[in-house]
Amino acid sequence: MLEAQGSNHGCERQAPTASPASSAGHAVEVRPGLYLGGAAAVAEPGHLREAGITAVLTVDSEPAFPAGAGFEGLRSLFVPALDKPETDLLSHLDRCVAFIGQARSEGRAVLVHCHAGVSRSVAVVMAFIMKTDQLTFEKAYDILRTVKPEAKVNEGFEWQLKLYEAMGYEVDTSSAFYKQYRLQKVTEKCPKLWNLPQELFAVDPTTISQGLKDDILYKCRKCRRSLFRHSSILGHSEGSGPIAFAHKRTAPSSVLTTGSQAQCTSYFIEPVQWMESTLLGVMDGQLLCPKCSAKLGSFNWYGEQCSCGRWITPAFQIHKNRVDEMKMLPVLGSQTKKL
C-alpha cells in the first residue's frame, strides 16, 4: 500500500504515483492489462480501482468478494478450486478463458488470483495464453516463470493443461482425452460407485435407429448384438511390451492418443449404457454380452494393463476376438447398410 509522505521540515512531499501492480497488491502484469496475483491483490478493493482493474477472476476455496462487496463497475468470476492435484480445473478452463478474453475485448484490465498466486491462478493464466497465442504447455510455463519466477503449478494441473493443449485449447467432451480424464476423476471421487453420472455412459447403439455416416459398430461375435461405436474407443500409446509388466502404472496417464494400437489384443472403451447395472457398487468384474451373456472382457476401476504393456485407469476392456467390426454405410431411405 502506497501512502503520501508527511511534511518534513515544513516542506510537503508529493506521494509517488502508484503503478497498477503495486496498487493491486503485488500482482504482476503478464500481458498488457492481464495481471496475476495472490490474496493480497484483492485485500483492498479500492486499490484495484486505483490500478484500473475492473475484472477479477478468483480461483480459490472462497470468493474474493462476498455479495455486495467490491466496487461499482467491478466484474468478477469465482471458480471454486483447491490447490490439490486431484482438483478438476480442466472443466472450468473454457469459462475462465472466455471471461478473461471478454473483459480484455471491452478494454478492462483483468486480475486472475488464487491464495498464494503460484499454482491455481498460474494454471488459468497459462491456459489463456496457450489458447490465444497457440503455445505449448512448456512455452507458456517458461513465459510465466519469466515474469513470476515462483510460479509452480501442481502435477495435477500440469497434466490437465497438457490435455487442454492436446484437445486444441478447448474442453472437447467428445474427445477420447476428455473421456479418459472424466473417468479417472469419477474413480478418484467414488471408491464405492453406487451412483454414476449418466453423462459418463455412451449411448447404447441399439437405441439409435439410424447409423451415422461412415459409422463403425462393434458387435458380439456370438449373437451379433451391437455393443459400442468406434467413437467409444479410448486410444492409448503403445507400452514397451513385456518389460512394462515389471510394475503396474497407476498414475494418471498423459500419453493418450487417438491412433490405433496394432499389437493390442483388446479395445479399451468408455462405459456404455448396457453396462450400468454391472458396474454399480463393485470395483471390478466381467463384461458379458447383454443379449447372450457371452464373455466379452472385464472392467476394473483401479485399472488394467493392456497386452502392449500400457496401464489404463480405469479400464473397460473388450477382447478383440470376442467382437466383429461392422462399417455402416448410408443408403437411400435413411437406412444403413453393413459393409
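Keep in mind that glycine also has a Cβ here, set from the backbone N, Cα and C atoms.
Feature annotation from Swiss-Prot assigns active site, phosphocysteine intermediate to Cys114. A simple way to gauge crowding: the CB of Cys114 (active site, phosphocysteine intermediate) has 27 other CB atoms within 10 angstroms, across all the protein chains here.
Taken from Swiss-Prot, the feature substrate binding site applies to His115, Ala116, Gly117, Val118, Ser119, Arg120, supported by similarity to another entry. Within the same chain, residues at least 6 positions away in sequence whose Cβ sits under 8 Å from that of Ala116 (substrate binding site) are Gly38, Ala39, Asp83. DSSP assigns Ala116 (substrate binding site) to coil in the three-state reduction, placing it in neither a helix nor a strand.
The annotation N-acetylmethionine is assigned in Swiss-Prot to Met1.
Residues annotated as phosphoserine in Swiss-Prot, with similarity to another entry given as evidence: Ser334.
What Swiss-Prot records for 1-25 is region 'Disordered'.
The highest number of surrounding Cβ atoms within 10 Å, among the binding-site residues His115, Gly117, Arg120, is found at Arg120.
Listed in sequence order, the residues Gly38, Asp83, Cys114, Ser121, Val122 complete the 8 Å Cβ shell around the substrate site centroid, once His115, Ala116, Gly117, Val118, Ser119, Arg120 themselves are left out. Cα of Cys114 (active site, phosphocysteine intermediate) to Cα of Arg120 (substrate binding site): a span of 6 Å.
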